[in-house]
Amino acid sequence: MNEDQFPKAYDPKSSESGVYSFWERSGMFIADANSKKPAYSIVMPPPNVTGILHMGHALVNTLQDMLIRYKRMKGFEVCWVPGTDHAGIATQTVVERHLRSSLGKRRTDFSREEFLKHVWEWKEKSQNVILSQLRQLGCSCDWSRQRFTMDPEANRAVKKAFKVLFDKGVIYRGYYLVNWDPILQTALADDEVEYEEREGWLYYIRYPVVNSEEFITVATTRPETLLGDTAIAVSPEDERYSHLIGAKVIVPFVDREIPIIGDFSVDASFGTGAVKITPAHDKDDYRTGMNHRLPMINILTPTGEINENGGIFTGLAKESARENIITSLEALGLFVRKEAYSSRVGVSYRSGAIIEPYLSKQWFVSVDSFRESLREFVNSKEINLFPPEFIRNYLTWVNNLKDWCISRQLWWGHRIPVWHNKHDEEYVICFDGDGVPEEVAQDPESWYQDPDVLDTWFSSGLWPLTCFGWPEESADLRKFYPTSVLVTGHDILFFWVTRMVLMCSAMVDTKPFADVFLHGLIFGKSYKQYDDNGEWTYVSGDQKREYDKGKALPKNVVAKWEKLSKSKGNVIDPIEMIDMYGADAVRFTLCSCANRGEQIDLDYRLFEEYKNFVNKLWNGARFIFGHISELTSRDLEEGVNKDLLGLEDFYILDRFNELLALIDSHYNCYSFDKIAALAYDFFKNDLCSTYLEIIKPTLFGKQGNDEQRATKRKLLATLLVNILGVLHPIVPYITETLFQKIKTTLGVVGDGLGDAVTGHAVSMLRSEACMIAGYPQPIELSFPQGLRESFAIAEKLVYTIRNIRGEMQLDPRDLLQAFIISSEKKELLDACIPIMCALGGIKTIEQLSEAPKDCIFSLGVVEGIQVGVILPAEHLAKEHARLEKEKIRLENSIESLSKLLASEDFRTRANPNLVQAKEDALRNSRQELQSILDKIASL
């Protein structure tokens, strides 16, 4: 075998693009909606067209590709639909930032159409990069079915869904308190708001009671909102204020008289027991305002400034207004004090702006009619959540679900398909066709389309349907919907997963998927480096990489696992990793740590480890090729002579069957990390470190005959083909490369079927490619009774021999002689001898009835079986001298420690921990000395 046929080192860059082109060119990714095979389908969680793939995308798409490749090889008609998401807020924000930096212009400097042209250009560039990166990763998507959440098909589906819900009265519009992002100037849904604990102040303010000398004092975290106060509330049971219920107070600066009301929701122990009610700017106050029919006065502009209702403070940013109001209250004698106070503050998940409860006219989806079906899908196990620990989270969220605000004040997105009459705001037309409604076409001057767009999650909620052509009754929809599984991160269980269940079931009255696998979120190691002043910066780049790989940390550097963040320097670029280590190493790394919903700790060390495994796979296959290159496919078609199979052969075949059973069970419950661990362990330990080492003497002609050697070679070829099939879903590139080399080496497969051992390998080799070959099947063979127990004894005997060699410090390169003594199990021990010789470094092993008298040996016992290693004569004196030297060292140590511990002065003055440590050292030295004396006696 020369270097051209099989290079010594695997080079991912030289093979990956060619392998992928071969798959795609051959049409192997394309699904057939008319196939009679059982369907297996996945719709890709569409990456946002905001930029490029990150490590989370690499993880989720690796896991999906594993499932798709596994099921394809299992005989399913698989359909994996790729796509991208328009990501309304995120993409518009990125493009606005790009236009400011490149052209020096803001969105409002363009017309809506002009701005959207720039967004579409951005989308095309970003999408092309993303799809190229998915190909690099090895994703076997059906690119002929590629989708975008704002393509014409998606737009038709969105308009249809809106019309269906609108006609049912589920979609409604009205003035409600929404989560307002003053930076992006749009409403957000409740689950788009993140909450942070922040330090602030509690301000105490006095309100003068009308026609009275009294004042009522309230405590508030937001004094600027007093401009919109419409009541003061107290508990009806609070005797301090019961006489004031029904009275009125004057709101400073705006001179508005507002009532003091009694409301049982007031916590009398908070602050002063009296609270200001601002229904237009606080959710709790909004409910109180609705219950008491209070006016709702909005005091803010969409940008977060005080509007015309703010009197002398009009035009000020709310932070400036707060300072000015406090100063003015002090001047009026109405400010009492402030005290430190921490509270949970809502923050926009996109812009980071503090969310402002804001009274605004928005479109909503009423969720009450969906709540029961959302619960039932999961409770009845029609939809299975993995891991099941998330079921409780899901049900809690559904039980507390509030109406969904679906309108966004953006330009990029699906325009709300509603037209308003300019003369009568309540007169609207919802239209899901192309163009405009007929009534609008006849009198366009009297109508305008709603300027808002739909929440991104509205269109994403229809994704499983739109990917297969809904609302058309397509062949794809009939074959591949509902989908088999959704793979995504647990962080969007509520953002997206539940909305898909809601939207899809509302449209077609069935679930969108059978299973949902929620993977954990990726964390990276961040390193804080402190200077002499205690200031710190994050370490990044090559320095971080070295620390990840195990370089010792200096005393001024502290490591911590944290969510991936550019600012923390712990982001790992998946494409950079592919360039450095190859796609297979990246995929194996991600698969190996893809636990069920827990934190995923990822660092460069793991990529190094699995790059080494990929190299091990290449080197192991190269070794096997060196011994099967003379075989032909006809040799495998003939099968193997089962009478020539040894204990080690039955064992490796049995282990392979066990591997298949375990891997199948783990695929069924999405335990990707366990699949990776099993495949890794079988190839590295069972096949290479154990089986190959056992049969090397036979392969190299040092034992056995030609027929036995031929049997081993057939087994090696069979095992290699099968393990490539098992590994293919995880590491598709190298397995395909090796599979093609085997096909080339063995030649065209004929009509022979092989036998129980080689049959499936022969069948696989008839396939054009590994990715469309049948998945390996259990080898139906009559295995010897007690096989596993027998091999376990062989392993224990090998372990004992290795222990003896280690204790006697025998050169591992020296082939020694050994013997075994047992009154029974002779046949078993005969079968164990080749294994013991190969793995224990033994030249010959004899079965004896008693220990030999004419040699020196070291003895061990395993389950009543004595195993002795005969020691070389020249080793005896050397080992005896070494043991005597060690004996003297230990005796001196014992004498020294004994004297120290006998000293009363030491025992009374020394730290008790030190005394205990010395006592432990004395005890250990005595035990070591006894062991040395025993060894000397045995010599």
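Quick reminder: no glycine exception, Cβ is built from N, Cα and C everywhere.
As annotated by Swiss-Prot, ATP binding site applies to Lys566, with the evidence given as sequence analysis. Neighbours of Lys566 (ATP binding site), defined as other CB atoms within 10 A of its CB across all chains, total 9.
Among the features that Swiss-Prot reports, coiled coil is placed at 873-939.
DSSP states for the motif ''HIGH' region' (47-57), grouped as helix (H, G, I), strand (E, B) and coil, give 3 helix, 1 strand, 7 coil. According to Swiss-Prot, the motif ''HIGH' region' annotation covers 47-57.
With helix defined as DSSP H, G or I and strand as E or B, the motif ''KMSKS' region' (563-567) counts 2 helix, 1 strand, 2 coil. Annotated motif ''KMSKS' region' per Swiss-Prot: 563-567, in sequence order.
Here the motif ''HIGH' region' (47-57) has long-range neighbours at 84-87, 90-91, 94, 122-123, 126-127, 129-130, 133-134, 137, 489, 521-522, 564, 571-575, 590, 602, meaning same-chain residues at least 6 beyond its ends whose C-beta is under 8 angstroms from one of its own.
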